[in-house]
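Asks: This is the structure I have questions about; it appears just below.
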């Protein structure tokens with residue numbers, strides 16, 4: 001056991017700062033993992049916007065604004081929001097809303113890629129999406145600012161988060177199969193990726209380096225630290241070889257010289273800076289706004305699950321309410337940025353990038369800041385972004401499949417704090433999973449048909465989303481079915497606290513910033529801001545040492561609390577037999593600060 005622990009690579013926590021060159025490679029790896037998803041949404045959106053023969057130019061414009069919006073949102077979320085390594089990207093929850101709205105008879109466009117469509121026509125559609133997205137983004141911002149989502153998360157435990165994550169991964173299977181089945185080159189990527197993750201992770205590769213005027217050889221876990229980057233580059237290079245030597249026929253999904261991709265590269269400018277108002281003044285439509293509103297709420301609940309998964313993978317304590325509030329506020333701000341610049345969908349946390357953290361053991365927030373800066377550069381230097389659009393579709397499916405595999409693993413491990421020997425907990429997990437799989441299938445085959453078109457769209461979007469149905473079912477059952485304590489449900493016992501200073505942790509700002517914030521009277525009333533509380537420590541059973549004093553607890557007093565002040569220390573304890581509330585002060589010691 002000790003030998004296995006020694007063989008484990010060093011884990012970079014959120015606070016850790018890797019060397020600049022290493023951070024650059026880690027950031028590039030995160031970008032390479034997310035770039036396929038970031039490219040997918042602009043391609044889907046461009047088909048719905050009816051650009052006709054201008055579709056290649058529109059795709060390049062949307063790709064540019066998507067990268068810049070994602071980069072800005074990632075930096076905001078990482079430094080000011082949750083303060084974990086969370087990459088913000090386009091939210092797929094908005095895509096069905098856009099597709100459903102523009103598939104209505106009055107909004108449908110039948111133009112093909114050979115037909116001419118005026119710029120004003122599809123710019124008007126983009127402006128309509130922008131206006132509705134800007135307004136809907138204020139809802140998650142308000143929810144995070146007022147602390148409403150933080151209150152809701154007190155009722156969300158592992159039995160809610162795990163089905164949400166499992167159904168999120170399972171819901172991507174059709175998309176994975178669609179991409180992977182296009183060509184066998186996906187097998188090359190899968191073999192490379194699994195080999196680097198499972199078999200070569202602990203292999204030390206000698207690399208040359210220069211130090212003090214001499215050549216030195218350094219040994220590093222190259223495969224374990226950059227598995228996704230290596231797999232993507234190897235398989236992408238393999239596709240280039242297949243294309244150059246014509247080993248695959250014209251039109252094959254494995255080729256990197258498809259007409260649309262080359263056209264985007266040729267027609268894209270070298271530098272393009274997205275800016276608000278590029279597509280005209282924002283417009284508004286009530287039906288689309290309501291659809292975006294529900295998409296935003298779905299994204300909020302999905303993100304809460306992602307936050308818990310990220311905290312677990314990053315080896316941090318579960319996120320406190322103020323961090324979750326701030327995270328949702330930051331996501332709303334990211335959606336606002338997206339609405340101003342023009343990708344057309346809101347921003348959310350990308351789950352596949354959380355999976356990368358678990359594989360690479362790198363959770364440093366600074367690597368994600370580097371990833372955000374790289375995304376901004378790719379968005380401005382549009383030629384580079386256009387080249388990235390040549391990544392073949394089968395490789396997109398391979399990256400998605402491997403990332404979702406890690407998400408499934410995290411979801412299952414999230415249940416280890418739950419007493420799964422209880423029939424109650426097994427039933428809740430099983431019922432919520434089956435509801436999440438069956439109900440969306442039913443409403444996909446039998447859509448809601450009420451008298452109001454907008455209501456049909458809203459209900460169909462929600463009821464056809466497995467994550468929403470399964471997580472909602474699990475949350476209701478977990479909080480309404482009795483027969484289990486909070487500990488058996490995987491929740492923290494009331495009054496129990498974590499080791500170390502509660503706010504001297506990952507989710508708070510640096511001490512200097514906290515010192516400034518604490519001087520502002522309004523800050524302590526904001527649910528989204530960390531509070532500078534007194535140091536609080538976990539008390540071990542039966543014995544507590546404070547200064548030179550040893551204090552013994554009765555065996556049933558299993559938790560205690562130390563509250564320091566300048567004059568004395570107050571020690572309180574929690575009695576398991578006393579309905580989970582802290583008792584009166586056990587003793588005061590003057591002079592112990």
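We count from 1, first residue shown onward.
Positions of Cβ are set from backbone N, Cα and C atoms, glycine also.
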Asks: Examine the ranges 21-41, 42-62 and name the one recorded by TrEMBL as transmembrane segment.
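Replies: Per TrEMBL, the stretch marked transmembrane segment is 21-41.
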Asks: For which of the residue intervals 318-341, 342-365, 366-389, 486-509 does TrEMBL record transmembrane segment?
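Replies: The listed stretch tagged transmembrane segment in TrEMBL is 366-389.
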Asks: So which residues does the transmembrane segment (465-484) touch in its own chain, when a touch means Cβ under 8 Å and the partner is 6 or more beyond its ends?
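Replies: Same-chain contacts beyond the ends: 93, 155-157, 159-161, 163-164, 166-168, 170-171, 298, 301-302, 305, 419, 422, 424-425, 427-429, 431-433, 435-437, 439-440.
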Asks: For the transmembrane segment (226-248), name the stretch out of 21-41, 126-149, 183-201, 366-389 with the most CB-CB pairs under 8 Å.
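Replies: Per the Cβ count, the answer is 183-201.
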Asks: Going through 21-41, 183-201, 366-389 one by one, which has the most CB pairs that fall under 8 Å from the transmembrane segment (395-415)?
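Replies: Comparing 21-41, 183-201, 366-389 against the transmembrane segment (395-415), the winner is 183-201.
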Asks: Near the transmembrane segment (21-41), which residues from the same chain, at least 6 beyond its ends, have a CB less than 8 A from one of its CBs?
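Replies: For the transmembrane segment (21-41), the list is 63, 66-67, 70, 87, 89-90, 92, 95, 225-226, 228-229, 232-233, 343-345, 350, 352-353, 356, 360, 362, 364, 366-371, 373-375, 378, 388-389, 391, 395-396, 399-400, 403.
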Asks: Please indicate, using numbers and ranges, the residues of the same chain that are 6 or more beyond the transmembrane segment (183-201) and have a C-beta under 8 Å from a C-beta there.
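Replies: 9, 221, 223-224, 227-228, 230-232, 234-235, 238-239, 242, 248, 252-254, 359, 392-395, 397-399, 401-402.
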